[in-house]
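Trainee: Structure in structure tokens, see below.
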Amino acid sequence: MHTKIQKFWLVGLLVIVSMLANVSGAAAFPEPPDGPAPAQPRGGTALGVAVTQGAEINAQAIALGKPGTVYRYEKTYGVSEQAFPWYHPGYFAWPHSVWVHTDGSVFISDPWAKAVRKYDANGNHLADFGHPGTETGWIDDGYFQDPLKMATDADGNLYVTDHYLHIVRILNPLGEQTGWIGDPGTSGTDDEHFNTPEGIFISPVNGQIYIADTYNHRIQVFDSDVNHLFTIGEAGVSGSDDNHLDNPIGVAVDDSGNIYVADTFNNRVMKYDADGDYLAQITDLEFPTSVAVDNTRGHLLVGVVYDAYVPYYNLADLSYAGAFGEFDVQGDDDTHFMEPHGVAVDEVGGKVYIADSPNRRVLVYSAVTKAYLRQFGHTNQFIPADDQHFFAPRVVEVEPNGSVILGEGALRLIKLNPDGSAAWTVGQSGFWGEPPDLVETPNGIVSDGKTVYAAMGCTIHKYSSADGTYLGVFAGGGDCWAPDSLFQHISDIARDSAGNIYVTDNELHRVTQLNKYGAVVASVGVRGEEGSDNAHFRYPEGIGLDKARNVYVADDSNCRVQKFDKRLRYVMTFTTTLCGDTHDRLGGPQDVVVDAKGKVFVADAWNTRIQIFDKSGAYLSTIGGSWGGGTGQLRVPSSLAMDKKGNLYVADRDNHRIQVYAPGVPYFGQQNLNGFGSRWTTGVYTVAMFKGMLYAGSDGEHGAQIWRKAKSGWMMVESDGFHNSAEAINHLFEYNGMLYAATYTYNDPNNGGQIWRTADGLSWQIVVNNGFDQGQRNPEVFRMMKLGNELCATTWSAGAGAQLWCSATGDSGSWEPKDLGGDGFGSDDNIAILDAVEYQDAWYASTNNAGEGAQVWRRSLGGTWNQVNISGFGDPDNTMIPSLVPFNGSLYAITHHRVGGSSEIWRCRNQCTKTSDWQFIADGENLGGDINYRVMSSLAIVGKYLVVVMGNPDLGLVVFTTPDGVTWWSQAGPSGMGNSGNSRIYYTNALFPYKGNLYMGVINRNTGGSVWKFCPTKKVCK
């Protein structure tokens, strides 16, 4: 019985460790949330300008498809960023290590739950640090990726090794992150880097910090100011002699300064003096992972995982003194352990704490009598689960009737009815095992509506779709690692209309076709041999089929999708074998699904996105592209499914949810490919019609771009910042038969904003240079408008008041500044004039003023400028007024608000000569129900409607319409057009009403800037 239990848990540990690696490892790849597009070229030679859509700069050339493929967020199964209904303080997912502060506070790391738990000396729960169940892809404050071991300093600051991010996080006593040691997300062998650190100890005597830099096979020692002192072991070199270590996991120091290291892969504990010189060792320990010192009683305690006990030794000579638990006997009573991963000593309170991870508990013993006292957690009980919260869903399937079946990383199969209610659940959350009662990690699921096929390990199991009853093994099984095993590790399965099952095996690097009886029909790939030609795979993951029974394989480490016919003969490759994050490359593709029209959807895990291609392999669109929990964000999309209506289901693993996306957006139509084919064209800042063609101005990886849409599609008419330093096009405006383009330039100290113009849309001439010859005082020529009989342009200035320049002809040399009563209307805080209009025989201008609040100024014809509103309309956090729009006999204004408030809409009637003339109409929170509708908000008149566009960094921008400016405000379509990444526009410059519709330039740093058409009266808008 003992042997059987030990074998079960050894195998279980390997599976769990593998699962943890999968859950955590993939998250190291995504770029930081909301990070800017890279400013530097990515190497290679820039491609020429393409007719139709623009080409991805410096990328492998693949075709770019037709614009218009858009998927909007529809609904969620599960709860975003919540793996559990409640992170109950009496339960753990995997208690890994323990630390006791000098005041008796107990810290327990729970890496499966991505949290650290804090209790007082009596075992009362005090706090949780981290976002339980949800990890970070970067250095986010408040999140962990893989918190393993901890220590506190004399001030109560908590140091946590965040394993896969290669750092040690530093939290203050309130749990707020104050810094870190190491380089987030980057491993290295120098003294400023770690490679998956785990153990940590802080000396209460001198404050020195000891870090077990596990994969670098060394112990790094720092002083209390984190200055490096010395190293034990050799960086990056493992060994078993006295001067080397092999994957050390634990470290502790006694009051004399002697250092003890759990040299895990050498199955020993090493003792060094305070200078790091070797003294002695304890050998014949099977996988020691933690060490703790009891100075009061003169003992060294060692957590020995595979020996299932915690022996303690005399500090003086390392002689054996006794043990907690029983050597090589596993159990779950209070005198046995399954795997003691962590050990700590409370010398003041006289207690020993042992983290028995697989039993989901931390046991407390008397350090004096060694008697059991109590425990944290419930033995063999995982964090309580329900059927509406999913822990790391790895795989999803949709049945013909719309029911959803998913497989959790926490080891359950769950079927949901079409309305989202639970039909049945198989398995026990958190506990690995074999059917019928338990499940292994589910990696693939298919269902014909009667039978559910679930791939786990090297076996495909069958269940009844009606009630989840176990029906037996369909194929595989036995010893997965036997030389003649059919499978070793099934990564996905798919089923065709004839009942054939197709299987990807990422260990054997092979795809196998089985008939409906489970017999092998065909295979592709060479067993156990990886490669990048068309006869090989490198860790194939997901598999999908089209209606013609062609087979699509997500070839993970080759960063491509391979297409085969129904007999597994090679047909074509989607993208390339070059991994990357541009639109034509993939990073770790995990799954693939094909819709009824032949569009191919790829779960691109490293890049946290879904890439969409047409059947020829041309790029069409992207869902996601940013690490997070918004509707336009994902955290490791691992599996895809499609229902009969063409809705896409995504197992968004580390957001603990299934996301559903539907084709099209009511009342909106996207006019271009994302970023015009380049992910790094992140914003379309302005759009305009000129001579019957739509123009768009944007940023770009190498500078400002101008695009034109004709019947043949989009073409780039100007690139690379007019071949100088212009970084983006601020505004496009037609005047006297010429199209003018205003630019901004911040990165060139010798240049400022410019204005260019063209008569034909192709040949451009400069008419204003270097910020009206004032350089970086005017880095932006922000907006143009016609005032009186002149073309006028406003500036966004740097550290000075904004200016207004005008010209009757627009010619070079003809521009003159207008008297504003001093730049910025006499205030350097008015750094930008965001809009200027004519209304009731007067000019009105609105400003950006971050000090007092945004202002509205009025000038009667021939008169002087006077402020006509209270700054910020009484709220200094209303820092900008991006739009002034005359509508239905009133002048309307909208604000941009700092964090903590939403955009406000105001209006005045008649002359608007006094501050009391302004009336509050509505704000973003009233209209949209969220206070963050506040960013770059703007107004436009579209047909008979006043249209309001408000940016929201969390939910995406929103469009509201009203026929009279006061009542019947209604939201048009979903926020962000169904994608939270469509977060904002570039003020009023991005809006262009035309023939009763509205064209919008949109900023999206995740997938690329876009041009949208809004049709107020047409639900289908093309």
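Each Cβ is built from the backbone N, Cα and C atoms, and glycine gets one as well.
Just so you know, TrEMBL annotations are computer predictions that nobody has curated.
For 1-28, the entry in TrEMBL reads signal peptide. Annotated domain 'SMP-30/Gluconolactonase/LRE-like region' per TrEMBL: 151-292, in sequence order. Summarising the annotation, TrEMBL assigns repeat 'NHL' to 185-225, 236-275, 327-368, 487-517, 528-567, 588-616, 621-664.
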Trainee: List, by number or range, the same-chain residues at least 6 past the repeat 'NHL' (327-368) whose CB is under 8 A from its CB atoms?
Mentor: 2, 5-6, 9, 12-13, 16, 91-100, 102, 104, 106, 108-109, 121, 123, 149, 289-297, 301-311, 374-382, 430
Trainee: Using a Cβ distance cut-off of under 8 Å, indicate which of 185-225, 236-275, 528-567, 621-664 has the most pairs with the repeat 'NHL' (487-517).
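Mentor: Result: 528-567.
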Trainee: Short question: most Cβ pairs under 8 Å with the repeat 'NHL' (528-567), which of 185-225, 236-275, 621-664?
Mentor: 621-664
Trainee: Please work out the mean pLDDT for the residues of the repeat 'NHL' (236-275).
Mentor: 98
